[in-house]
Each structure stands twice: as C-alpha cells, then as structure tokens.
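Read the structure below first, then the notes.
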C-alpha cells in the first residue's frame, strides 16, 4: 500500500496504473489465459465461443456477486448452490399450478427467504456463517429432494426456455443480466451507504458497531441479497435447461468461492470489489472453456483449476508482501 | 569501565519513503540498564528489531562480544544470547510454561520427538532462578499478564542471554507487579546481563536505568548518564523543546449540565457510580487499569446495558440508549484501543471520518463525495493530520495521526459531550500536547469533555475536576487545589488495600 502513496507523490501515471494492476492482478491473469488459449486453439477466439464463455460464466458470476458482498462482510455463504436448486425447482414445479411468472416470483422469494434465514441465524446466534450455511447447504438440498421427489422436473410449456433467448450480437441475455447486476452492485459498494458499511463491518466490526452501524441488520441484508441472487441464477438456469434437477448447482458454491477469491477479494473481509470478482469469474470461465476446447479429460481439468487457484493465491500473497515493504 | 557487549556502529535502515534509522551508533555494557527513548516513529522499534534479528539493516555494523554479528532471524538471535521481550507477549496460551520458554527451540531426540523430561528440567531451573511462584507444567493461558512476562524473561535464563531488550514492559502491569519486574531486572543486571529498556514512562527510566540514549527521527541525539541528567534535558532532546508548555487547561467557564448519571451499576464491573458533567467542563476519570473506568463510560454510551441506575441528558431523564441513539443525541466516545474499536484500518482517512455519519453524507442512500471531502478536509487541517491523501489507508499512519482521525470522526458530529478514553496512550510527545490543546479548545467551545487516563500528570493537567475510581467504585472527587498526585494515589490505594488483604 505504501507503494501507492509514494507513487501518488511522484505523480507518475504509469506507476499509478501499475499499482492498480497490482491490486487487480486477476486481469493480468485473465489476459494471460486468453493469450495462451488463443494460441492453443483456433476455435477459442471466435465471437461465438466468447459468447459461450460469457453465458457459461454468468451463472457462477451471478452467485459470485452475492458471495462477494457476503465475503467483504467477512462472512461466507455455502448454501448458494442448494438455494439455486430450490428456486429452480419451485419456478418450474409451480408453473402448472399458478402460472409461469408467479412461479418465478415464488422461486425468487424462496431465495430471499433462505438468505434472510441464513443472515438472521448468523447475526443473532453469533455462530460462524461457515457452520450456519453448511447446515443450509445440506438442509436445503434435502428440501429440494423432498419437493422434487428425487426426479427432474420438466417445464410444461417449452416457450419458457425461450425467454432468455435474446442476444445482443453473440452476448446472451443471461450474460447481460450478469454484467448488469455486477455493475449495479459495484456501484452499491463504491457509492452508497450500504457499500461503505460493508467494508467497515468486514474490516473492523467493533469500529463499525461503535460508529452506530446496525451490524446485525447489515449482515442480514447482505445474506438476503446473496440468497436472492442465488435464486436469480437458479431461475435463469431453469430457463436455459427447461428442467429442474434436484442435483442442480451441486458444488457450485465452491466454484463461486474460487471465482471470488481468485479475483482477489479477501476471505477475512474488508477488501474486494466487483471488478475483481468479474475478473475472477471470467478467468474461471475461460479456463474451463479453453480446457474443454483442447479436449482435456475432466479430471485433468479439475487438477489444472486447483493448481491455478493455489497459484493465484500465492501471487496475491507475494504482491501483498511487496506492497507492505 | 567494562568493554561493551553489544556495539552498534552507524547502522541505517530504510523503508520506502522513510529513513527509519540513520547512522545510529550506541553500545550496551554488561551489567547496565540502557534506556532507549524517543517519540513514536523515532526508530526505537526498528532499532531493537534489528538487534533481535527481525530486520536486517541496510548499512553499518553490529558487533557482539567483539565480533561482527549477523543474524538469520529471531531464533538465531535468541540462541546467540540476544533476547527481545515484546510489549505484546509472543507466547502461545495453549502450551505449557516449559514449552513456551523453549518455543521454537525445542530439543528433540533422533526420532523428532520432544525431549520432554529435559525440557521440563531446564525450564524448572530457569523459573527457580527468577523466583517464579509457578511450575513448568502450568498452561500459559491460565497465568496473569505479569506471570506470562516472567515466562518470557525465563527465556533469558534458559538461553543464558547476554543482552535482554525490554519493550514497554510495564504497559499492562500493576504497581506491585512493576516492582517485581524491576527486581528481576536488577537481578539480571547483577549477573552481568546487558539490558536495553524501552519505555515512554520517564519515572521508570529514571528509576531503573544507568544510561539513556535518545533517538529522534532515526538519529541518535545523544547518550547521557541517567545520574547526570533530568527530565527536562531528556524531553528537550526528544522533541527539541521543554516540558513547560505541556499541559493546557481550558478556562473554567461552565454552562448547563449535559450529562448526569445516578447510581449506575453493572455486576462484576462497577457499582453505584454517580457523576455529572457540564458544558465547558473537563472531567477527569482516574484509575488503574481494571478499575472499571472504560466499562463505566461504555455503559453510559450504550455499548452494554447496566443493571441499575438512571441517566439524564441535558436535564431530562432518558432510557438506556443504543450507541446509535447516543451518537444521534450528541454523545461521542473515543475508545481506548484505536485498532480494535476506533478505526477501520484498510480504509482511508476520508472514509473513517465519515463512518459514523454516513446518513449525513448521503442523499437517500448514495454517498455524496464532495460533501464528505469538504468535511474531511476541514478536520484534517484543523487537527493538522499528516497523510499523503484522503485515501491513504490509516494503517500506514503513525499512532498520533491515527488518534487524530479517531477524534476527527467524532468531532464532525459536533457532539455536546465527548468522552476520551486514554486519548494519548502510545502516541508521541508532540502529538500528545496537540491533543491536550485540542481538549482545552473543545471545552472552551462549550463541549462537555470526560477524559479517562491512568497518567496522573495528564489527568490533573487537563481536567477541571477529577474522579478517582478503584475496584469499580468512584472513591473520591477532587477539584481546585485538592487536585494533587498525592491525593489521587492516596484515594486509589486506600480503597485497594482491604481487597489486596483478602
């Protein structure tokens, strides 16, 4: 950080840009992966494939937006995968009873309610969110199995799957929703009271409390946002697939956390941004897509992703150390 | 005069933007206690960390027992006989005393197993040499801070240290514990150990040390024999001026009563506390650490709920407020531990200043940067806070500047009452007097001020009236000519004696 301050004094734009890159190093990483895959596969850098990457990345991306809010707060939400499965099951399962849009609305509401429940439990019980939402992860998944009767639910009318089939060039509606939400939440973080409170609570909860911030209410709001975004993701997924599988979104919470952490948002809270998260999400999507284009076996893909995550974190640590001296 | 055991010659250490040590030379003789004094940021910590192997210097040389010294790390320093005793003890509460003494330097047998019996025997010897009243098997976490400190000092025995560096060792000790520590230090000294003693507390330095080296801005201002100097000379060397202009008291012009507390009690913390404070008045609250001072004001502020008592704000009885309500009412509490309670360290000064008043600096919910910036700038210049910019993380600022931001943050609410809990702890002399001036200023502008301090000269110097607190009760009140150190000590120690006799 002291690097930044001396830079400002010396007034060099180049070095200010460099220090921005040091803090948002994920974009360098992203550029690097894009370059590698472009050279490795002729199919990679095509408008069509880029569109695919953005759409595939958007699902984890929407989850990652909520996760970023919760993580800057110094908390974590492991239940997003299960929540998205429930929202998707409700949005499809209820269509025959109450119609398409009411069903979608109920799906959204279920996500908000579960997020609210997570937040309330964390804020009021004083238990760590890791434990609370781990319970949520298992419990909500159980609920999904009960509701679906362990079967995949099918949409009664396939016009439902055409709703998100709107494209802006190669960019899908889903991707646009992701970017829209990401920009909106970045604005919340940087320009609103709630955003400011998020950083304060995550960095120094005592100071935030003494400054008169209602820490409990604040955390409940962010968990509710996170749950709602998980439901948004689940509904978009149900529209894309036309079915709601009880196993949908399994271990997606892990991919989400990986994307956020890869971006540079810190697990211990107080630091991060949506710019970082967008970078993390895109890097993850590019890696998955690129490895598949190269016909990499699934298990090798997992190994590469694991290695990349560790590498990114090591890089983060090194940069931080350099900033500190 | 005996040969120096450790000799530092012209060492230099540069951090980006700061020259922390600039051509520093000094030496430590066996059997002497050598004080290292200076304002915060003068380079004391850097110097001792360099001696203890935590930093490597950029230039200059260190000679140890006549030979050039190079250290690979703190453990290496300890093995060679140089021991640093940190202000915040570096021990592991879950391990036993014996394991802590040898922390990181455990002897193992050829299978990598701990040599427990040997460890225990050596630890016992070390503890007995110091006359500690506890054995090597006690879990460290169950000991008091003073006892834990003894465990650190036992390392000096265990590693047969030749040089022991104490960093603010009395910061969290009671008076009797301090006497014990001094005895231990004298014992080490008698055995020919060279001791470096770092402290802000001048009375201790004149009590225990033989020579004093003063640092300012990374340079040695001089080394003097303690017997040949006085407080004024040392202070002059530290800050370049004398102590006379040290305390400023606000004019005694009081207005209406702002806060009155009656019979406030909280079990286990304090009982039956009553006091009031008026506009323009500075009320001092004196007591030793653990007397319940912080807990009392925190309760008034609404951090915790009291069991009993009544609260009057500007003459009207009110319900127990939450911190938010207290702030809205016009009360401000500047807590003792800046890092834990006061500041969000990753944020800059601007964001910290506005944190309790986000509502004021936002339209609907969107932050208004221009308004925020204007207020930040107003208080930054009013308190002459040094930063490189509004967004420089406050973690990078000196203790004095951090404390000023804590003040700025509360002042910008334009409160009617401001409570300052140990406002000058751990900050340098220059910033200290700036804060004392500020307290006087605030009172003259009509604020009611409550100052908590365990430094007697400070609490007497800035207050119009002083309450003495001990064991959770307000035991005496002094004003005017009755405000003397003797009276304060008297009131506090009398109340303590019956308890100590139990």
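Even glycines carry a Cβ here, placed using N, Cα and C.
For A:21-44 (among others), the entry in TrEMBL reads transmembrane segment.
The annotation transmembrane segment is assigned in TrEMBL to A:50-71 (among others). Sequence-remote contacts of a segment are chain residues at least 6 beyond its ends whose Cβ falls under 8 Å from one of its Cβ atoms, and for the transmembrane segment (A:50-71) they are 77, 80-81, 84, 115, 129, 167, 169-172, 174-175, 177-178, 181-182, 185, 189, 198, 202, 222-223, 225-230, 232-233, 236-237, 252-253, 255-257, 259-260, 263, 265-267, 269, 272-274, 276-278, 280-282, 284-286, 288-289.
Per TrEMBL, the feature transmembrane segment maps to A:100-117 (among others). Here the transmembrane segment (A:100-117) has Cβ contacts under 8 Å with residues 66, 77, 79, 83-84, 86-88, 90-94, 136, 140, 157, 160, 220, 223-232, 234-235, 238 of the same chain, all six or more residues outside its ends.
Residues annotated as transmembrane segment in TrEMBL: A:129-147 (among others).
The transmembrane segment annotation in TrEMBL covers A:167-189 (among others).
TrEMBL lists A:220-242 (among others) with the feature transmembrane segment.
Annotation source TrEMBL lists transmembrane segment at A:254-287 (among others).
The feature transmembrane segment is assigned by TrEMBL to A:299-315 (among others).
Against the transmembrane segment (A:299-315), the recorded stretches A:21-44, A:167-189, A:220-242, A:254-287 differ in Cβ pairs under 8 Å, and the greatest number is found for A:254-287. Residues 3, 262-264, 275-276, 279-280, 282-283, 286-287, 289-290, 293-294, 312, 315-316, 319, 322-323 of the same chain lie 6+ residues outside the transmembrane segment (A:21-44) yet bring a C-beta within less than 8 angstroms of a C-beta in it. Within its own chain, the transmembrane segment (A:220-242) is flanked in space by residues 58-59, 62-63, 65-67, 69-70, 73, 75, 77, 79-81, 83-89, 91-92, 104, 107-116, 118-120, 122-123, 129, 154-155, 158, 160-161, 163-164, 174, 177, 181, 194, 198, 248-249, which lie at least six positions past its ends and keep a Cβ under 8 Å from the stretch.
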